[in-house]
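Summarising the annotation, TrEMBL assigns domain 'Acyltransferase 3' to 5-313. The transmembrane segment annotation in TrEMBL covers 27-46, 67-85, 123-141, 146-163, 169-187, 194-216, 228-247, 259-282, 294-316.
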Amino acid sequence: MGFYRLFLAYLVVYSHAGTNVYGFNLGVVAVVSFLLLSGFVMSALIRKYYMSLSSIGYFYLDRFARIAPQFYLYALLTLIGAVAFELRHPWMKFAPSTSRAVVQFSIIPLNIYPHADKLVPQAWSLGLEATFYLIFPFILLLRLRLLTAAVSFAIFLLAYTTVLNFDRWGYRLLPGTMFIFICGSWIEKSENKYINCIPAFIAIIAAILLFISYYYSAIALDNDYLETIRRSTLLGVVIGIPAVYILKYIDYSSRFESVAGDLSYGVFLNHILIIGIILTYSPLNSDDFKCFSGILLIGCVFMASTVLSYASYKLVERPALTSRRKLRVSNSGRAGTARAVSAIERSGVA
């Protein structure tokens, strides 16, 4: 899964530096796969290490040790740049106040943070994942996945049909996206063969809904941004579910797979900082990324982001990884789950 995650991270970079492709935002498509992978990995992780109510607190510490160190590093670097050196990027028009910076460093509110002083704007999805981490152990342990997914998908459909705002309720908030996480969890392990088919069924429905969005005027959206988000989310489901099904059966023992997985999170977090540095301290502007020569510029962002990610992995992530693994209580389930988690850990995902 390491190469796939790195590929997804590069799609997010491209979406922030480049343009949409045939009306789709590739970053949104990638985020949906990230949610599916999160559901898959958390399901395996909980089954192996945290399969009791008494161990949920350790699971929370595990997840904090995973998402916080590199996020804090890049958020702090951006904050220092904004305050001391007038660093700006398209999502940060001014330096955040102390109180707003504290709110952003708390991570959980990031997916509902409304102000134009975002330090790491793409980290809104960390806020979404954090809310998922808070409740998913209970859903898994109490066997509530089917009920929860059904309610979540109903909310998603309300957003799709324009009853609710799609950007919020179909993409950014947990009630309308929980079914995506749970589809990833079901791909990892489902209760029976019938439930195992639900993710594939959801992918088919998403393909139908995507087709309908082009031709059924009653659900048309006047806002081009919302339409792009809606169609890109549906495409993410259509592509992401079969991709995760395939990834489930791939060998992750390759050293290169592990390195790619190690790099993916840093690339996801640091690229806006790099874009901000380019836009603030060079004569270039956002339009330069969108012209033909912008391909070379985006390639430079890819390379700089990858190098910086390697440095932050060595400096911050690797020590945190050691601490995280010490937290993991030996409570393995079946051997298949243990092998799955070990493979995922080697790929740098968990």
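Using N, Cα and C of the backbone, Cβ positions are placed for all residues, glycine too.
Not measured: the values here are computed from a predicted model.
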I'm a bit unsure how to read this: which one of 27-46, 67-85, 146-163, 259-282 has the highest number of Cβ pairs shorter than 8 Å with the transmembrane segment (228-247)?
27-46
With pairs restricted to those 6 or more apart in sequence, evaluate whether the transmembrane segment (67-85) and the transmembrane segment (27-46) have 3+ C-beta pairs under 8 Å.
no
Contact ranking winner - 27-46, 169-187, 194-216, 259-282, 294-316 against the transmembrane segment (123-141), Cβ under 8 Å:
27-46
With Cβ distances under 8 Å as the criterion, find the stretch in 169-187, 259-282, 294-316 that has the most pairs with the transmembrane segment (27-46).
169-187
Averaged pLDDT score, the domain 'Acyltransferase 3' (5-313):
95
